[in-house]
Amino acid sequence: MVLFAAKVYTSMRSGSLAIIASTLDSLLDLLSGFILWFTAFSMSTPNPYQYPIGKKRMQPLGILVFASVMATLGLQIILESVRTMVSNEDEFNLTNEQERWVVGIMLGVTLTKLLLMFYCRTFTNEIVKAYAQDHFFDVITNIIGLVAVLLANYIDDWMDPVGAIILALYTIRTWSMTVLENVNSLVGRSAAPEYLQKLTYLCWNHHKAIKNIDTVRAYTFGSHYFVEVDIVLPANMALQEAHDIGESLQEKLELLPDIERAFVHLDYEFSHKPEHAQAHAL
């Protein structure tokens, strides 16, 4: 909030479109921060009756909303910058006092954002990583905004809206990549072959009674994986023993850090058609 207030003051002192764009970005940071906080709060309050499989997908959904807001800001900045260049408004000119205020505040805000970026990168939580990415973006936008102001002041005033357009394009590119990354985590994309091989090895060596591994699947479910395993046990094995083997394998899989939930299916042969064939065909 303090950084936002400082940038609002800088925008008022300079009248720079590039710095105003950077200030609007900070305003959206506050709104997006509320979205991400609400997402984290919702995930930390489980409700097994209304959400029996948890709320892990709220994490990428929150990031998607965040990215959509940032991309919308970028488009708005482009439109306003083009309008300013076409209308050829008043000449951009800063006094020496205004320049000192603008440079001092923008450098201070940039340094603070840089320190916050390094701090957020020490966490493993995806939402905090999103904040780290946003702080890095703020560092870039602050530098571009400051350079655009100085160029507009000393060279030509069209440099200011051009700097704002550069910021907007950078915004759209950065958060479009974030959207694509999180869409993959929501649609159930398969894990890498190397990861599936590790799961297969773990399942095969879980118990000496396992005769074969029929199927091993791992697919994204939010920021974690859902795992489905079909193991083959002797046909004459007692139900209790077979159940204990399957349950212990399920618990072992769910202890892995990247797995949200594991399902272990027990079978006595592997020559049949795959289960849920119709579902996989859809």
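For all residues, glycine too, the Cβ spot is worked out from N, Cα and C.
Automatic, uncurated: that is what TrEMBL annotation is.
Residues annotated as domain 'Cation efflux protein transmembrane' in TrEMBL: 2-187.
Look at TrEMBL and you will find 17-40 (among others) tagged as transmembrane segment.
According to TrEMBL, the transmembrane segment annotation covers 61-79 (among others). With a threshold of 8 Å between CB atoms, the same-chain residues lying at least 6 positions outside the transmembrane segment (61-79) that come near it are 21, 24-25, 28, 31-32, 35-36, 38-40, 126-127, 130, 134, 164-165, 167-172, 174-176, 178-179, 182-183, 186.
Annotation comment: TrEMBL describes 101-124 (among others) as transmembrane segment.
Annotation source TrEMBL lists transmembrane segment at 136-155 (among others).
Look at TrEMBL and you will find 206-267 tagged as domain 'Cation efflux protein cytoplasmic'. The domain 'Cation efflux protein cytoplasmic' (206-267): residue composition by secondary structure is 16 helix, 28 strand, 18 coil, according to DSSP.
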